[in-house]
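Enquirer: Can you read through this structure? Questions will come right after.
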Amino acid sequence: MKPIVYMLLFCAFTVVILGHPNNHGALIPHHDKLPNGESCTRPGYSCSESSQCCTPVDGETFTYGCGRAWMEGSKICYICNRESSMC
């Protein structure tokens, strides 16, 4: 019984330390302001349209938008590689 409890605790700590695997491009460099000077919505946060989302610094390699997240009911901002099939 003890090994099972230890294994569950290890898994729980691993999830807490490593965090959620879907970061929606938050680690990709992006601009924090819109061209009009207003703040933009960071990747992974809720939005209603693409114009609210932060744009990637490298616009040729990465694309951005506001779309439905898998297993979530709301729309969120995302940044992903243009050549990735996971976008």
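Easy rule for this one: first residue shown is 1, then count along the chain.
Glycine is treated like the rest: Cβ placed from N, Cα and C.
Relevant sequence annotations retrieved from Swiss-Prot are reproduced here:
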SIGNAL    1-19  signal peptide
DISULFID  CYS40-CYS77  disulfide bond
DISULFID  CYS40-CYS54  disulfide bond
DISULFID  CYS53-CYS66  disulfide bond
DISULFID  CYS80-CYS87  disulfide bond
Enquirer: Which number gives the other C-beta atoms within 10 angstroms of the C-beta of CYS53 (disulfide bond), all protein chains shown included?
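Expert: For CYS53 (disulfide bond), the count of other Cβ atoms within 10 Å is 25.
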Enquirer: Between CYS77 (disulfide bond) and CYS66 (disulfide bond), what is the CA-CA distance rounded to a whole number of Å?
Expert: 4
Enquirer: Going by Cα-Cα distance, which of the disulfide-bonded residues (CYS40, CYS66, CYS80) sits nearest to CYS54 (disulfide bond)?
Expert: CYS40
Enquirer: Take the Cβ of CYS77 (disulfide bond) and count every other Cβ within 10 Å, whichever protein chain it belongs to.
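Expert: So the number of other Cβ atoms within 10 Å of CYS77 (disulfide bond) is 26.
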Enquirer: Could you tally the C-beta atoms, other than its own, that fall within 10 angstroms of the C-beta of CYS80 (disulfide bond)?
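Expert: For CYS80 (disulfide bond), the count of other Cβ atoms within 10 Å is 18.
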Enquirer: Of all the disulfide-bonded residues here, CYS40, CYS54, which one's CB has the most other CB atoms within 10 A?
Expert: CYS54
Enquirer: Would you count the other C-beta atoms found within 10 angstroms of the C-beta of CYS66 (disulfide bond) for me?
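Expert: I get 17 for this one.
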Enquirer: In angstrom units, rounded to an integer, how far apart are the Cα atoms of CYS66 (disulfide bond) and CYS80 (disulfide bond)?
Expert: 12
Enquirer: How many Å separate the Cα atoms of CYS40 (disulfide bond) and CYS80 (disulfide bond)?
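Expert: The Cα atom of CYS40 (disulfide bond) is 17 Å away from the Cα atom of CYS80 (disulfide bond).
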